[in-house]
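Here is what TrEMBL says about this protein:
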DOMAIN    23-305  domain 'G-protein coupled receptors family 1 profile'
TRANSMEM  6-31  transmembrane segment
TRANSMEM  40-63  transmembrane segment
TRANSMEM  83-102  transmembrane segment
TRANSMEM  122-145  transmembrane segment
TRANSMEM  169-193  transmembrane segment
TRANSMEM  249-269  transmembrane segment
TRANSMEM  289-308  transmembrane segment
Amino acid sequence: QSIAQEVVGLLCMVLLTLTALVANTVVMVVILKTPLLRKFIFVGHLCMVDLLSAIFLMPVGIISSSSCFSRVIYSIAECQGLIFLNVCFISASILTIAVISVERYYYIVHPMRYEVKMTIRLAVAGVIIIWVKSVLITVLALVGWPQGNGATSASRCTVYWSPGAHKKAFLVIFSIACFVLPTIIIFAVYSGVYRVARMASQQHVPVPAQAVAPRHRSDSVASLVAIITTRNLPVPRLVPERFLGSNKAILTLVLIVGQFLCCWLPFFAFHLHSSVAAGTEAGGHGEMVVTWIAYSSFAINPFFYGLLNRQIREELARLRRSCFNQPLGQELCLSISEASVQENFLQFLQRATCTLETHASCISPSPRDRLDQTKVSFPIPSQVPEESS
């Protein structure tokens, strides 16, 4: 039974590693090869960090977690390097997710301000700040390490078993800076974005013809356009869409935040408990479990932040067609149908959100605006239209 568990665990770890390698590589290639997608700088950065983690951290995690490699020995310098990479990549990945959530907030709530201030220079500065913070936090993990040419087994070269003299203080700082504060930011940002989406779903419902029809009919052109527009609006179809769209926003929000918590909460809870509980020496198996739950985030992130994006998915389909010389028609229809069902939270809000800055223009649209909105699926006022190739 123990051999079977060992084999199953090893297969799961290898599968997660391969998934992280392939998925992050695919998203990065699509973003780099498509000029219109290079605006997804932070998504590309997140995939780069997760790809580096899949290259360096996850294979080392397999060696540390499997009894097949129990005889592997690291020197103190090698173990320090592995701990450095572990903490640095984990910090960079979580901080990038927090920055993506803030970027989404400004893109939805303040679109005009976002278009003006969100430049390449600002994005590069954000990436530099992420790495500076990650390196500073990582340096604390190496404070108090023993000097000399000692050695340690692979299973002991982990954050939990690291021989640093100030390990407990580091774990507290690491948990607060890389989990507690980003979690607060993510909750606050997505809660604010959802409130805007809910307000938009209430405002974009077309008014029934009976309520809009004037008491005294006029033969003016404006009144005729209003009557024709309200009669032609597919009211029975759009009202359920409002309900389903609101539920889709809730579901996507829960999935994004829930995935982050499910991956990282056990990891940081374990290390916080080990830092405050005196005399805890057990935890080799427990650390392995929570570490690989956290590592699964590297394989899940490219799907949540990359492949669920309609533009990235369409460009991936085009690249695949160009590689295999496939016809355009069938896959393009599939891509369009998937976009209406599997849009990510950001794209749903692009279509359904009345932003705070343009709130007044959404309250009383003119008959011509209503006529235009029957042709275009509810664009955001003052919003730069979505680029398409």
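Think of each number as a place in line: the chain as shown, counted from 1.
Even glycines carry a Cβ here, placed using N, Cα and C.
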Next on the checklist: How about the transmembrane segment (6-31) with the transmembrane segment (169-193) - do they touch, taking at least 3 C-beta pairs under 8 Å (6 or more apart in sequence) as contact?
Outcome noted: no
Item to check | Candidates 40-63, 83-102, 249-269, 289-308; stretch with most C-beta pairs under 8 Å toward the transmembrane segment (169-193) | outcome: 83-102
Item to check | Whole-number mean of pLDDT values that fall within the domain 'G-protein coupled receptors family 1 profile' (23-305) | outcome: 80
